[in-house]
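Scroll down for the structure; my scribbles are underneath it.
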Amino acid sequence: MLFLVGVFVVFGSVVTGYLMHHGQMGVLWQPNEFVIIIGAAIGSFIISNPKDTIMDSLKGLKCLFKGKPYNKKHYLQALCLLFFIFKLMKTKGSLAIEAHIDNPHESELFKKYPLILHDHHVTDFICDCLRLLVMGVADHYQIEDMIDRDMEVHHHEGLTAAGAVTNMGDAMPALGIVAAVLGVITTMKSISEPPEVLGGLIAAALVGTFTGVLLSYGIIAPIGSFMSKFTEAQGVFLRCIKSGLISHLQGNSPTISVEYIRKTMPMHERPGFKEVEAELNKE
């Protein structure tokens, strides 16, 4: 929702300021300029990125309407899920969770926390990490290294997609100049026309530069920046889960391991100790 608000503010401010200068809106409507700029931008985006990055970038646009990947409820459900997983492993051993991680969508434990279960990446991340314990990997340094590698791959792919969008935004001003130059070339063919005709042609050409700069710094580059922040927020969530897993491997009780997770959470989403305790007591 904030994305739409931002777009409205950007275009609303520009149009309002233009009208305050007694500008004519009809002059800004130059479809030929838009075709050149947007078409060339899409083409350069396709040329500069492999298919996987293009698809990841398109999928990543959905994040614009989510605001942030995880809120306080997500963090609270993650805390509760991991607490009961750790408790089960402490009381019945690592093999007790094998059925849960092999098929989490059929697990009564995972079903209690739908926000986590419906996020396939987080669910897979938790199950893959726990599977290492079931397989008998006991060295927490080794497991931490494996987890870090997994997180690095996810982080790199997310930033690559965001970087592709940002690079397209960086190209927009130059493509706007291309459209403007083509407009000037067309204008030069009409050099013998009266000043009022030439003025209109030059104004139309300059719309290309205006459009390229506006789309770059007002829309495309901010989208790339937001996608980067979205990826960073996803990484923070995974790091919280990682801290709890490592704490459990070091022999801490489920309560201590969950507290490690809570202390790693961002302040805006971090539930209070009493809040976590009350949620756990409900189960």
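Backbone N, Cα and C atoms are what each Cβ position is placed from, and that goes for glycine too.
Looking at 6-26, 27-47, the range annotated in TrEMBL as transmembrane segment turns out to be 27-47. Residues in the domain 'MotA/TolQ/ExbB proton channel' (136-229) partition by DSSP class (helix H, G, I; strand E, B; coil) as 84 helix, 0 strand, 10 coil. Remote same-chain residues near the transmembrane segment (174-191) are listed as 33, 36-37, 40-41, 44, 197-198, 201-202, 204-213, 215-216 (criterion: CB distance under 8 Å, separation of at least six residues from the stretch ends). Outside the transmembrane segment (197-220), and at least 6 residues removed from its termini, the chain residues within Cβ reach (under 8 Å) are 7, 10-11, 14, 27-28, 30, 33-34, 36-38, 41, 165-166, 168-184, 186-187, 190-191.
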